[in-house]
Amino acid sequence: QNNAKVAVLGASGGIGQPLSLLLKNSPLVSRLSLYDIAHTPGVAADLSHIETRANVKGFLGPEQLPECLKGCDVVTMDSLKYCTGYVLGMTRDDLFNTNASIVATLTSACAKHCPEAMICIISNPVNSTIPITSEVFKKHGVYNPNRIFGVTTLDIVRANTFVAELKGLDPARVSVPVIGGHAGKTIIPLISQCTPKVDFPQDQLEKLTGRIQEAGTEVVKAKAGAGSATLSMAYAGARFVFSLVDAMNGKEGVIECAFKNGIEKNLGIGKISPFEEKMVAEAMSELKASIKKGEEFAKNFK
Ligand code: NAD
């Protein structure tokens, strides 16, 4: 059943290109539709020469978007208006107005042309772009919360890597669940639930948690004005899509953390530590405000 039809919206960007490459490299994908407002014919021609079975097609500009989306099983969205995310010191909130309208426009097209597809939103601020997507789907009468995901996999990938580094473990065998949202203090790594079990003194635990929460800034600083995390994000996005497709193909026991609409308390993760409980309590007001901001935006969006 390896026949997933996947669309990448924002396919020519820093994340979009390596993400498309990883998807093209997967035997799970049979059709790869690349959409952007620039450069997709080139990106698609380039990828189409790779000797894997996924059929690649590029779609350029809003008039080609419906064709791109029709029949898709999975849509990933990593679009952003050119350059706005790159300025050091800019917060995810600064990106809000630019990205909110792009996400609302693209998700309206998804609601119309592939209402049954799994929608994976990478575009920031994820804590608000998920409520926007959910409201847009509600407006079109096709809302299903089980099909809309905020991709926070990079937080999990970073947590696994950093824990493995500190403990001298193989990162591929470390699994840290990360709950909450995808911005600063709303990112809540549950180190107490790590597999294998790991222990840190409190000061090291706090430092590690802070590093996971601010890891995006580490990359922005190191790239010195030339962008934010793109390669590790492409890896994380692809990992999420592959897990999703595996689950859609009936594989059991596939677990991925993601940001879903609404605030739910029972996460089925087990008993978390008092330090983690405190982080959850502290994140609530910011999360609620970001969700509200997204919902209000979507209500007024025409
Ligand atoms: P980028 O600027 O390199 O690429 C964005 C692409 O979107 C460009 O190719 C651009 O042409 C395209 N685009 C702009 N407007 C569009 C529209 N209306 N329709 C379709 N495409 C459009 O940016 P990037 O570094 O690839 O980042 C993309 C997004 O991912 C940003 O919002 C960024 O904040 C977010 N991001 C999320 C995570 C995460 O963990 N979820 C991590 C890193 C980055």
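Cβ coordinates are placed from backbone N, Cα and C, and glycine is handled just like the others.
Where the annotation comes from TrEMBL, it is an automatic prediction and has not been curated.
Features reported for this protein in TrEMBL:
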ACT_SITE  His182  active site, proton acceptor
BINDING   Gly10, Ala11, Ser12, Gly13, Gly14, Ile15, Gly16, Asp36, Asn99, Ile122, Ser123, Asn124, Met233  NAD(+) binding site
DOMAIN    5-150  domain 'Lactate/malate dehydrogenase N-terminal'
DOMAIN    152-297  domain 'Lactate/malate dehydrogenase C-terminal'
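What TrEMBL annotates, mapped onto the structure for a quick look.
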residue : record                       : contacts (Cβ under 8 Å, 6+ apart)
Ser12   : NAD(+) binding site          : Leu34, Asp36, Ala38, His39, Thr40, Gly42, Val43
Gly14   : NAD(+) binding site          : Gly227, Ser228, Thr230
Gly16   : NAD(+) binding site          : Val8, Gly10, Leu34, Asp36, Val43, Asp78, Ser79
His182  : active site, proton acceptor : Asn124, Pro125, Val126, Asn127, Gly150, Thr152, Asp155, Phe259
Met233  : NAD(+) binding site          : Ile15, Leu19, Asp78, Ile122, Leu154
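Ranking the binding-site residues Asn99, Ser123 by other CB atoms within 10 A of the CB puts Asn99 at the bottom. Helix, strand and coil counts from DSSP across the domain 'Lactate/malate dehydrogenase N-terminal' (5-150) read 64 helix, 30 strand, 52 coil. In the domain 'Lactate/malate dehydrogenase C-terminal' (152-297), helix, strand and coil residues by DSSP number 87 helix, 9 strand, 50 coil. Counting every protein chain shown, the Cβ of Gly10 (NAD(+) binding site) has 25 other Cβ atoms within 10 Å. Overall, the recorded NAD(+)-binding residues Gly10, Ala11, Ser12, Gly13, Gly14, Ile15, Gly16, Asp36, Asn99, Ile122, Ser123, Asn124, Met233 cover a maximum inter-Cα distance of 18 Å.
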